[in-house]
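Report on the following structure.
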Amino acid sequence: MIYDFFMTWLFPLLIIVGKTLLLLVILLLLVAYLLYADRKIWAAVQLRRGPNVVGPWGLLQSFADLIKFVVKEPIIPAGANKGVFLLAPFVSATLALSTWAVIPVNEGWAVANINVGLLYILAISSLEVYGVIMGGWASNSKYPFLGALRSAAQMVSYEVSIGFVLVTVILVSGSLDLTTIVQKQSHGMGTALGLPFNSFLDWNWLVLFPMFIIFFISALAETNRPPFDLVEAESELVAGHMVEYSSTPYMLFFLGEYVAIVLMCALTTILFLGGWLPPLDVWWLNWVPGIIWFVLKVCFVFFWFAMVKAFVPRYRYDQLMRLGWKVFLPLSLAMVVITAAFLKYTGFA
């Protein structure tokens, strides 16, 4: 009886908890070092050294910042709604972390391998704006509230375009399962053109290149990265919805923001860059574990996130709205129609 209970209920539960904790630790380490890389790239563009004191070459700077945030005293404004004020950063961080449950970092390596993973990510990422709105409203200050309103408008504007991009990927791959989407990219445009072996030309970035560009730019807007950081807009709103936050609550907002950025880099990798597939189907590249290729591609996409931050000036609010509704929405909708018609009349899939 006890053995059956252990094997039927307790053992599978322990496996899920173990997978979740392992993913959480790896994800937090990846966020810490991508934040370090972001600061280093930003410093290099400005001809500075960046973090270089804590640990060798400054590699422990993110952990020093973590300790600094944790030991600080959290300050709650007198007029704030205390319950909502403290709940908002937990909502933001929890929703950002929960999306990673369905991300496959290698063949069969996912906490929950569900066949509607793409729909799950779209649904959860749409809810992340609530943490920002709660924080802005509960602060009882006009500057956080303005940042929260900008966030709501920005999320609505670019969520639609991202949705149409995902529709084109679903049409090409024929599945909402992220693992299947990656596997379909092993035989794509390059194979159709008669290349002798599978390569990066088979991935969706080539056949869906306009949607690849739209998704990348929309991901910047979705995660409030420059040049679309109108939620924070440091030169205008001081710190946007986080202006009244300090200590651990501020760190949780910051964590949620960077986890969402890494998620968008991972989604770009899965949808358009072949996930864990090597760039060439040759034995000496197939020998490298798939998770290594996945992490390298995520870091590559994040590098371009950082470069855009360094070189592109911030858009005005009206330019942001115009780009979302008058450019990206018609283009993405047209690409959905073109892709569907192409698949219907050619039978290519």
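Don't overthink the numbers, they just go from 1 along the chain as shown.
Just so it is clear, glycine is given a Cβ too, placed from its N, Cα and C backbone atoms.
According to Swiss-Prot, the transmembrane segment annotation covers 11-31, 83-103, 116-136, 162-182, 200-220, 252-272, 288-308, 323-343.
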Item to check | Other parts of the chain folded back onto the transmembrane segment (116-136), taken as Cβ under 8 Å at six or more residues beyond its ends | outcome: 84-85, 87-89, 91-93, 95-96, 98-99, 101-104, 110, 144-149, 151-152, 155, 159, 162-163, 166, 169-170, 176-179, 181, 222, 231, 240-242, 245, 253, 256, 260, 263, 267
Checklist entry - Going along the chain, which residues at least six beyond the ends of the transmembrane segment (162-182) come within the CB cut-off of under 8 Å? => result 102-104, 107-108, 110, 113-119, 122, 204, 207-208, 211, 214-215, 218-219, 222, 270-272, 274-277, 329, 332-333, 335-336, 339-340, 343, 349
